[in-house]
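Notes for the one structure printed next.
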Amino acid sequence: MPILTLLLLILGLFISPSVSDSRGDTVAQICNNRTTTPQQRSLFVTNFLAAMDAVSPLVEAKGYGQVVNGTGNLTVYAYGECIKDLDKKDCDLCFAQIKAKVPRCLPFQKGTRGGQVFSDGCYIRYDDYNFYNETLSLQDRTVCAPKEITGVNRTVFRDNAAELVKNMSVEAVRNGGFYAGFVDRHNVTVHGLAQCWETLNRSGCVECLSKASVRIGSCLVNEEGRVLSAGCYMRFSTQKFYNNSGNSTSDGNGGHNHLGVILAVTSSVVAFVLLVSAAGFLLKKRHAKKQREKKQLGSLFMLANKSNLCFSYENLERATDYFSDKNKLGQGGSGSVYKGVLTNGKTVAVKRLFFNTKQWVDHFFNEVNLISQVDHKNLVKLLGCSITGPESLLVYEYIANQSLHDYLFVRKDVQPLNWAKRFKIILGTAEGMAYLHEESNLRIIHRDIKLSNILLEDDFTPRIADFGLARLFPEDKTHISTAIAGTLGYMAPEYVVRGKLTEKADVYSFGVLMIEVITGKRNNAFVQDAGSILQSVWSLYRTSNVEEAVDPILGDNFNKIEASRLLQIGLLCVQAAFDQRPAMSVVVKMMKGSLEIHTPTQPPFLNPGSVVEMRKMMMTPTTNQSNSSGSRSDYITEGSSFFEPR
């Protein structure tokens, strides 16, 4: 391909609209200035994780939610809300995106005890005090677009914007805290939206929007303005940025015939066009980072061509019936997966990636670059990709039984897994992970081992899927330091608290998965007062009754000695100290009976003993480094952070 064409392709990928965009791009991330002591950090982080785990289903169910978790000065107050013009799908996606960013304010990152993230589609906040009735705070922001209106339309635009701001502050209160509309006079249109958070009563909404109207006045000659307050959100723009426009207009005579509407939540997908000027700004301000991303995209394109991995975007559209909901197999924080049938009759799984931020580049590059270079019976096989359409697509072999999570906890039309199948699934998963860690040409940490990422073939051979969060592990490092990414409940304590990543983080995740499969129960360590299945198994192990933890649906139809051995291995994998967890190759040998099983010496994560251990880990410098200097040059620092809701 000519170099000019390739460059145009790359630029097009950065600025093309995506039908999957949910206005999730961050407008502002604000971390407060209240710090916490090292002794309290682990408990505060634990309460934060539980609160985040609990607030997500509330937002998914009704568009907003608040959660209080913990006691005393370690209490975490959490809140999330979507802008009311978003449909449910876009609300869920938007919230997943900003939820991934708020941990950057956590004590192990910034040393603070509160933070909030504003996007143009949703909002999230956590703090160590009850902020639910706040209308204003010292951290409120006014954000004006850098470009001003010029020429003969400047005065008209300013007047229209001022009128619209007045309309929004009045009509939103009348309409239950939400208003979206526009003013169009003298052929100049200004669009706007205002919303009070559900935590405010009517008087609080009036106060918040009244103050927002004053603050946004400083932006009236700019192309766009926003006010980000503790109790409300207000925005105007030259562009229509909301869904299903209302009819709030002013006629050319300057009358006051304003009709406010509450926009209905729709099933349409949000189209959020990245402006060319914004793309140019990013290219100038982040030149080095864009060069890296271009290099990655060029590598992807050459890799796809060299290995015959290229698929036509149009063919994949037709194969999935244009991404019909009836063909949808599932959705995570990085994209949706659809069943498709190619023209040759082959059934495939097509992953449709969301790429409205830099994150899609890393995720897509990881998937194609890593999984195309590994080959194992327990890894999902990548068949190809498409990077020539409006969004990036990955094509995998189709696994009929879907995920282990669905088979255990969702599907009601299947027989429960018997003991032999559970053993086969656990062993196959362990063998696949041992290959990734030690046997492949690359040293790969998956970072997101969980039930929903284990797919099952017809004969129940497990396949490890989703390499979007995977990391290559340098041969000359004992660990790398990275922002946390993964799934709550499966992440190792040293990774949650310090961002310290080794293969042993995957081992911990495997241990959780292993115990979940054997017990038929999910690990609820991050749900307040729910208890942890890891703690339950440990307690039974201490009293020599560990076989009682086996899924009761099996009755007596399982090998008690074998079950006890596997649960003991699971406990070894979830020990609080990472250096006491076995390597995956050792796990495989212990499962096959060719190696003695050691005795766990520590309780699993989140019981009192492990909390003490976490405190020690946070207060003690790391000693397991590639040299004794302790220099930060021993680390590779990664900036991205990504959570997928469970």
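Here the Cβ of each residue, glycine as well, is placed from N, Cα and C on the backbone.
Annotated features, as they stand in Swiss-Prot:
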type	residues	note
BINDING	L329, G330, Q331, G332, G333, S334, G335, S336, V337, K351	ATP binding site
COMPBIAS	621-640	compositional bias 'Polar residues'
DOMAIN	139-241	domain 'Gnk2-homologous 2'
DOMAIN	323-578	domain 'Protein kinase'
CARBOHYD	N33	N-linked glycosylation site
CARBOHYD	N69	N-linked glycosylation site
CARBOHYD	N73	N-linked glycosylation site
CARBOHYD	N133	N-linked glycosylation site
CARBOHYD	N153	N-linked glycosylation site
CARBOHYD	N167	N-linked glycosylation site
CARBOHYD	N187	N-linked glycosylation site
CARBOHYD	N201	N-linked glycosylation site
CARBOHYD	N243	N-linked glycosylation site
CARBOHYD	N247	N-linked glycosylation site
MOD_RES	S452	phosphoserine
MOD_RES	S481	phosphoserine
MOD_RES	T482	phosphothreonine
MOD_RES	T487	phosphothreonine
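Proximity to N133 (N-linked glycosylation site), judged by a C-alpha distance within 10 Å, picks out none of the recorded positions N33, N167, G335, S452.
When the recorded positions N243, Q331 are scored by other C-beta atoms within 10 Å, N243 scores highest. In the structure as shown, the Cβ atom of N187 (N-linked glycosylation site) sits within 10 Å of 8 other Cβ atoms.
When each of the glycosylation sites N69, N201 is scored by how many other Cβ atoms sit within 10 Å of its Cβ, N201 comes out lowest. Nearest Cα neighbour of N73 (N-linked glycosylation site) among the listed recorded positions (N187, G335, V337): G335. Among the recorded positions listed (N33, N201, G335, V337), N201 has its Cα nearest to the Cα of N187 (N-linked glycosylation site).
Looking just at the domain 'Gnk2-homologous 2' (139-241), the mean pLDDT is 94. Proximity to G335 (ATP binding site), defined by a C-alpha to C-alpha distance within 10 angstroms, is shown by none of the recorded positions N33, N69, N153, N201, T487. Counting other CB atoms no more than 10 Å from each candidate's CB, the recorded positions N33, N73, N133, S452 peak at S452. Between the C-alpha atoms of S452 (phosphoserine) and L329 (ATP binding site), the distance comes to 12 Å. The shortest Cα-Cα distance from T487 (phosphothreonine) to any of the binding-site residues (L329, Q331, V337) is found for Q331. Remark: of the binding-site residues L329, V337, the most isolated position is L329 (fewest other Cβ atoms within 10 Å of its Cβ). Annotation for N153 (N-linked glycosylation site): spatial neighbours V188, criterion Cβ-Cβ under 8 Å with sequence separation of six or more. Note: the CA-CA distance between N33 (N-linked glycosylation site) and V337 (ATP binding site) rounds to 41 Å. For the pair formed by N243 (N-linked glycosylation site) and Q331 (ATP binding site), distance between Cα atoms is given as 23 Å, rounded to the nearest Å. Cα-Cα distance from L329 (ATP binding site) to N69 (N-linked glycosylation site): 33 Å (rounded to the nearest whole number).
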